[in-house]
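Pulled from TrEMBL, these are the features on record:
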type	residues	note
DOMAIN	142-322	domain 'Malic enzyme N-terminal'
ACT_SITE	165	active site, proton donor
BINDING	218, 478, 523	(S)-malate binding site
ACT_SITE	236	active site, proton acceptor
BINDING	307, 308, 331	divalent metal cation binding site
DOMAIN	332-592	domain 'Malic enzyme NAD-binding'
């Protein structure tokens, strides 16, 4: 028996030796991570040692509730597997960071707070350390007590609007990956294809009334900021709530991350977005299509506002969805309506009727989607007020881009700019100063986002070319660093004659004579909250050009006579909620005229303006403390 056993052992040793030789002379075992471990024959297997700490922590929360638990929250460090099983997909930036990177980011802020802005950056961007500190203070309040945050914002809107939106929001977006502390809004990315509808249900609110979305490709005049662009939808929706009375619990800021062409961001270890070049072409539209289908499937009645998309995508996306959903693009349509309203206000300042718009000569600097949206809206106003043809209205414009004056001699004109190309090819590429001297425009619009293009020479030529009418100068680019000129420049060079409005706020100007000249802010916040409110409450299904025109025509009617005498072309922002009610009423009336109103708004429309206005005003959220009642989970949900 012993010889037989010895023979079997010998055969087993030979089999083991042959197997080891086939594997290169080593024996492999699989370790806990699933990878093979190489043990030489003489190596001993490490002994088993039970862990002193439990390897996992049991949680009873998921989704937003988990992210608001300071003990369990890992912030941007949650791995993909935990994001999936804990309902966190879409609630966090796409890229997972390590705890070491999170700690390093904190220590950077510990030693050099981000709100301490160097003087040279203040001069460039117009955002001071005090403004950044106030933004941070407001964010902390919003995280602690959202009702109080909105009450403070509503009561101090004029002072705080530049803090929560332009110009401060530009600084926020540039630094968002370093300022990020707590999730707000949703993140969809190219890596989420096929899962976006399921992700939409990770958002806890069943009733979302307004969604603002960006892909971060053209943030203000700052360019491609990738996932950092989420700061813009957050700021916009703060304005929706404060200015138009949308409930803060029923709005949703979103960024769609399709990569970024900003190499500095891609190489920044703290950047929380996808570190890939920006996706374009059919694949890009497939991603946006899936997102729109997902959010419209879950919240079919919501207003969906597109914000800060690049030139090559903004117009196609608007046209792709506007006939199917309650969609609008504020950069194109909101800016256009705001600009037209400001020009009507400027005509009122000079005692001229709206029909005088068709007699103006306009130079528009900037031929992107926003610039051409403004030009189209103004041309539509000319056609309506003075019965001009489309060709006659377009002939009132001279459009300039980075290559100079656009004429029909240009071979690569974007489709949306073609109607405004000058027929005379001899002036192709003419620079701004030469155009102003030759054309003698009465209106100068800046929408290029390229900084101080309205030089002293240009402003002087503009003033000289308007001997019989005050020159209208609107540098509308944002933020302050991208404005075409300052109010001080325009008023000093025109000796206070200019009627001025800018995209970012500017202080009044004191002339050499000691006279103080008021200036206006040509900001979309006058228009887009009311448009969204009227369309949402009216359940209009789509937002039409007629509704936008009604908003543009209503706004200048709200300027009191004493403010017109001071040269203001927009009403005071301190009345923003009343302004939004008036804009929403005008939008609803236009929708009613088109037969688009549904629900209670249709009944109020039939009863007249007073009933319609009262219903809109009573539907607005106002931040007050309400009584709280506890119900167990699952009851009344």
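Yeah, the Cβs are placed from backbone N, Cα and C, and that goes for glycine too.
Note that this is a predicted model, so its numbers are computed, not measured.
Sorted by the number of other CB atoms within 10 A, the recorded positions 218, 236 start with 218, the lowest. Nearest to residue 218 ((S)-malate binding site) in space, judged by Cα atoms and limited to the recorded positions 236, 307, 308, 331, is 308. Calculated from their C-alpha atoms, the gap between residue 523 ((S)-malate binding site) and the residue listed as 'active site, proton donor' amounts to 10 Å. Summary of the divalent metal cation site environment: with the site residues 307, 308, 331 set aside, the chain residues having Cβ atoms within 8 Å of the Cβ mean position are 214, 218, 219, 232, 306, 309, 314, 329, 330. Long-range Cβ neighbours of residue 308 (divalent metal cation binding site) (same chain, at least 6 residues apart, Cβ-Cβ under 8 Å): 214, 215, 216, 217, 218, 219, 220, 229, 232, 331. Among the recorded positions listed here, namely 165, 236, 307, 165 has its C-alpha nearest to that of residue 478 ((S)-malate binding site). Summed and averaged per residue, pLDDT over the domain 'Malic enzyme NAD-binding' (332-592) gives 94. Residue 165 (active site, proton donor) is 13 Å away from residue 307 (divalent metal cation binding site) when you measure Cα to Cα.
Taking CA atoms as the reference points, the residue listed as 'active site, proton donor' and residue 236 (active site, proton acceptor) are 7 Å apart. Those residues noted as binding (S)-malate (218, 478, 523) have their most widely separated CA atoms at a distance of 17 Å. Taking the Cβ of residue 307 (divalent metal cation binding site) as centre and 10 Å as the limit, one finds 26 other Cβ atoms among all the protein chains shown.
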